[in-house]
Amino acid sequence: MFGRVFIVAVLYCITICKGEDPTNSSTPKLILLSFDGFRADYLTRFPMPNLQEFMKEGVEVEEVKNVFITKTFPNHYSLVTGLYAESHGIVANRMYDADTKQVFHMNDSHSKWWDEATPIWLTNQKQGHRSGCAMWPGSDVSIHNTTPSDFLYYNHTVSFAQRVNHITTWLTRPNDSINFAAIYWEEPDASGHRYGPDDYGNMSGVLKEVDKNVGYLMSELKKANLWDTVNVIITSDHGMAQCSNDRIIKLNDCIGPGNYTLVDDNPVASILPISDTKNVYDLLRNCHPHMKVYMKEEIPDRWHYKHNSRIQPLLLVADEGWMITQNESISMLGDHGYDNDLHSMHPFLAAHGPAFRKSYKMRTINNVDVYPMMCLILGITGQPNNGTLSNTKCLLANQWCIQVSEAIGIVIGAIMVLTTLTCIIIMLKKKMPSARPFSRLQFQDDDDPLIG
């Protein structure tokens, strides 16, 4: 009897040490939700009561540094693979593969474009679980000949509520429920392009609807008794910069259209030269003061954007707020794709659930860091990736962590304490009376004199 009790006690302790709830032995569940084009500072510029409530009970990352180029498809694939664009192969929303001579558009469902990486929904399934995706870019493609266990083909007319309802149904099925879900929603990106992020009047209405969607998700999870057991991550792919019809760079003003093919444009243009590459480069290099031109091999290393055959020989990058076209005007007032160091390009991240701390705020992480964190939450072994788990450990409830600022504070504090103690010791030594010279030769009362 004592032996059985001892074994049960040991197993209980092991469960506690692993950071699991001993009253809930079910597989950890996780929802990843992306609101396309949700710029980080929207959180401080617009009222969002539901999202604020969500973060108050969970964690917030004020800015997420995304991957270059700061476009929809590259960043959504980075979130679910933990890879830079050059590594996962979805380098733009429009691509040309020099090896196969084929062109990719956003509605292309051929798996060859996606097979350079393995998204988390497939890794989760390969390790004995089930995944469900509602419109997440690439989730309706048979990647490595496999689709999510449950998924919806992309259809922009399907409402946010319908997408959430599918997910909650998949999560609560009695026998074959999913444990990982990914949801994509097109706003506020579509309206950000139309109005620009600085149009407070129009964008406030758009973001009010986005916040209502957050409230709907919270409500449905509570109705399904999932709120306290499911982990939810809300984030985005990129931000948005204010643009203008007065800030347009027309390439045909600098070079004849017969000299090149424009693979992708606005505000980062991929150029496939038809004539001599060096000649095209020289013509474009001095085209406009608000546009930088790079040979492929000269693309800055910090962008991790040169080691893939789908990246073209020339890359044109506009300054923030400027747009690149061949010859036409552009009606939209907001855009993204710019340098990923720009704050206007950064999204945010918020998370809630048993895996996360309560009321905790962090300044920044990289979006490739989200993947290893999700793998840890799900209890699966991830694929090789560019993310760093230690960057997100402070967000997690069962992980010990110390931020750089805290570490610096501890070091400075220790130095101050040691310095103070050293000064005190030196001062005390100075105050102590020193022995008189030759005191050892002084006669005591009972000493005999040397001379009688």
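Including glycine, each Cβ sits where the backbone N, Cα and C put it.
Taken verbatim from Swiss-Prot:
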- 1-19: signal peptide (SIGNAL)
- Asn24: N-linked glycosylation site (CARBOHYD)
- Asn93, Tyr154, Asp189: substrate binding site (BINDING)
- Asn107: N-linked glycosylation site (CARBOHYD)
- Asn155: N-linked glycosylation site (CARBOHYD)
- Asn175: N-linked glycosylation site (CARBOHYD)
- Asn202: N-linked glycosylation site (CARBOHYD)
- Cys254-Cys287: disulfide bond (DISULFID)
- Asn259: N-linked glycosylation site (CARBOHYD)
- Asn327: N-linked glycosylation site (CARBOHYD)
- Asn386: N-linked glycosylation site (CARBOHYD)
- Cys394-Cys401: disulfide bond (DISULFID)
- 429-452: topological domain 'Cytoplasmic' (TOPO_DOM)
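Distance noted between the C-alpha atoms of Asn155 (N-linked glycosylation site) and Asn107 (N-linked glycosylation site) is 11 Å. Note on proximity: among Asn93, Asn107, Asp189, Asn202, Cys401, the recorded positions of the record, the Cα nearest Asn327 (N-linked glycosylation site) is that of Asn93. Look at Cys287 (disulfide bond): DSSP puts it in coil. Secondary structure at Asn107 (N-linked glycosylation site), taken from DSSP and collapsed to helix, strand or coil, is coil. Comparing C-alpha positions, Asp189 (substrate binding site) sits nearest to Asn386 among the recorded positions Cys254, Cys287, Asn386, Cys401. Report note: the substrate site is defined by Asn93, Tyr154, Asp189, and the residues of the same chain whose CB lies within 8 Å of the CB centroid of those residues, excluding them, are Asp36, Thr72, Phe73, Met106, Pro137, Glu186. Between Asn202 (N-linked glycosylation site) and Cys287 (disulfide bond), the C-alpha separation comes to 35 Å. Among the recorded positions Asn175, Cys254, Asn259, Cys287, Asn386, Cys394, not one has its Cα within 10 Å of the Cα of Asn107 (N-linked glycosylation site).
Listed glycosylation sites: Asn107, Asn386. The one with the lowest count of other Cβ atoms within 10 Å of its Cβ is Asn107.
Neighbour counts of Cβ atoms within 10 Å were compared across the glycosylation sites Asn155, Asn175, Asn202, Asn259; the minimum falls on Asn175. On its own chain, Cys254 (disulfide bond) has Leu283, Leu284, Asn286, Cys287, His288 as residues at least 6 apart in sequence with a Cβ closer than 8 Å to its own Cβ. Tyr154 (substrate binding site) counts 18 other C-beta atoms within 10 Å of its own C-beta, drawing on all protein chains shown.
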